[in-house]
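Lifted from TrEMBL, the feature list:
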DOMAIN    21-174  domain 'Flavodoxin-like'
BINDING   27-32, 74-77, 121-130, D156  FMN binding site
DOMAIN    248-491  domain 'FAD-binding FR-type'
BINDING   R393, R423, A424, F425, S426, G457, L458, C459, S460, W645  FAD binding site
BINDING   T499, S565, R566, K571, V572, Y573, V574, Q575, D607  NADP(+) binding site
Amino acid sequence: MVKWNKMRSHNNKQVKAMRKLLILYATQTGNALDAAERLSREAERRGCPVNLLSLEQYDPSLLPQEQAVIFVVSTTGQGDTPDSMKNSICADSLKAFWRYLLQRSLGRHWLKGVLYAVFGLGDSSYQKYNFVAKKLDKRLMDLGGTVIIERGLGDDQHPSGYEASLDPWMSSLWRMLNMIKPEYLSNGPDVVVQDTVLIDQPKIQITYHNIENDDSHFSSASDLTSLNIQIGSARSMHPGKAFSDRSTPGYFLKMVKNLPLTRSNCGKDVRHFEFEFVSHALQYEIGDVFEILPGQDSAAVDAFIKRCNLDPDSFITVSPKDMDDHNAHDSRIPVKLRTFVEFSMDVASASPRRYFFEVMSFFATAEHERERLKYFASPEGRDDLYQYNQKERRTVLEVLEDFPSVQMPFEWLVQLVPPLKPRAFSISSSQSAHPNQVHLTVNVVSWTTPYKRKKKGLCSSWLAALDPCDGVHVPAWFHKGLLPAPSPTLPLILVGPGTGCAPFRGFVEERAVQSRTNATAPIIFFFGCWNEDGDFLYRDFWLSHSQEKGVLSEAKGGGFYVAFSREQAQKVYVQHKMREHRQRIWNLLSEGAAVYIAGSSTKMPADVTSAFEEIVSTENDVSREDAVRWIRALESCGKYHIEAWS
């Protein structure tokens, strides 16, 4: 209620801004925010005043009073709504933005006279591609809104990413908006004001503090408390809106085991990590997600600071330029510049956005560099920029080193360098079996770019390099995932090839503990890997629970079945093993079993779902269309869950 009261105090400001073009975004990873900010910049260049807000900041009851609204929304996972769409504040109580729009009392004319457009960001490798944008577009139309332009759908799988759709969609948007509401675009749809005026106005300001004693701010705190304060202070000051509640770490853990699960020459490196709590204990459930703030390579952080001619030991605070709350400004704790970079700016992993190159062009003193940067930032150079930047996964540091004449002010760097984000992993342990621990199953990511450059995943390679004896404190957060903890009396059908087995290791551990004192329902688990000798993850664990009266044993109605895809000429995947055991699957489904699927987001979830549909069709003697509806009904009643990652 406190947050809602604060929001209501902003309503007068929102009403005054009604004649501005309203751009609302819902983001999970930051891409939708980037697209929304680009829309905002392009609108302002055309003389159009803009009000840019996250759905978390907006009161949806005001929508009927708007003239024109642009929605930029992402779809996460298997058609999931971004957190900012789920957690928004709306009229009278804490409700989700989407739930507010679904109220039957709103009626078919609630948005009469309101112009709107929707741009979605998604990944076509997922089954429910851009599901949120499609659903939102339909609901706005059902409520009487007038569409400016057909919804745009950006696809991460496109060779140029979502911008391949955003560029032409924006051009059409400005033309249509100019036809419908010419007063919005005072300079016309194609007139672009040059950024020579805007470029000197970063949105944040940096204050340098004269502090003689380096340790004065943290001298009275313990090492762990001091680290917590430094991380929280640095991250809370960063302008990146994607941080939300991921500023101050929820917990600190220390690694106690770092074990390889794969043979050294098998072509992949999967590790089993065990952590113990060193701050305070936590209650987590199987199926929960563990987020880690990765450590950046010290040499890379130092190289970035040196390249940008910064003083690593200076104490700074960062705040919005338009910040008028002096008390809030004074409450910010100064941190060392190096600390700020290390914990909040991703300088050696993430690729910079397109706007980064545009701003760089204004600070390039070498003519050939300036022209190259301007080309990269133009629509004509979009594909070449994708090949140079995203395809090669160039880091901010690498880009700056490629354009040595560029000297960007630190304010611009703080604003434009991608924020350092926590990495999420499915928990692979049960707290019932390991009271003070949490376990992870992690694929150590490495690849070769098209130009034969060796690259590593930031978090997985950092974890793999940690020595448990060093006692490194790992900042972490826990939250609910997409796999709810099942009742011990609920039969389960689990499908988890590769590291998709991670959450199900916890499921099996939990049910094994429960079975010691109570009767439990059976579990069938389908696992897949390349071959038995190379990457059969947790082999002994699964086999021990599938023998005699283990929770995976056929004697208890369960089963454990492995698909080795590379042990024979014809590849065998989990869906093939499922078809072999179709009758056992149907018997469990008939008894009310729940289905859990985890693993790669490419083809696996769709192929596995197709196998389930086929099994329902043949074993239940119904049409394929009826089988599809049967699976959808299973999903609707909370018994069909997918957690997939790319």
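Don't overthink the numbers, they just go from 1 along the chain as shown.
From the backbone N, Cα and C atoms, a Cβ is placed for every residue, glycine too.
Quick caveat, the model's predicted, so the values are computed rather than measured.
Counting other C-beta atoms within 10 Å of each candidate's C-beta, the binding-site residues S74, R393, R566, V572, D607 are led by S74. Look at the binding-site residues A424, L458, V574 and count other Cβ atoms within 10 Å of each Cβ; A424 has the fewest. For V574 (NADP(+) binding site), the nearest neighbour among the listed binding-site residues (G30, S74, Y126, L458, S460), judged by C-alpha distance, is Y126. Of S74, D123, Y126, V572, D607, all annotated as binding-site residues, the residue with the shortest Cα distance to R393 (FAD binding site) is D123. On its own chain, S426 (FAD binding site) has G287, V289, F290, L440, T441, G481, L483, A502, P503, A598, E643 as residues at least 6 apart in sequence with a Cβ closer than 8 Å to its own Cβ. Residues listed for FAD, R393, R423, A424, F425, S426, G457, L458, C459, S460, W645, cover a largest CA to CA span of 25 Å. Ranking the binding-site residues A424, L458, S460, V572, D607 by Cα distance from Y126 (FMN binding site) puts D607 first.
For the binding-site residues Y126, Y129, counting C-beta atoms within 10 A of each C-beta gives the highest total at Y126. Here the CA atom of T499 (NADP(+) binding site) lies 21 Å from the CA atom of D123 (FMN binding site). Of all the binding-site residues in the list A424, L458, S460, V572, D607, the shortest Cα-Cα distance to Y129 (FMN binding site) is found for D607. Taking CA atoms as the reference points, S460 (FAD binding site) and D607 (NADP(+) binding site) are 28 Å apart.
Comparing the Cα of S74 (FMN binding site) with the Cα of every entry in A424, L458, R566, V572, D607, these being the binding-site residues, the smallest distance points to A424. Those residues noted as binding NADP(+) (T499, S565, R566, K571, V572, Y573, V574, Q575, D607) have their most widely separated CA atoms at a distance of 19 Å. Comparing CA positions across the binding-site residues A424, T499, D607, the one lying closest to G30 (FMN binding site) turns out to be A424. Cβ environment of T499 (NADP(+) binding site): V270, T441, V442, N443, L537, G599 lie under 8 Å away, each six or more residues apart in the same chain. Looking only at other Cβ atoms within 10 Å, the busiest spot among the binding-site residues T27, S460 turns out to be T27. Least packed by the Cβ count within 10 Å, out of the binding-site residues G30, D123, is G30.
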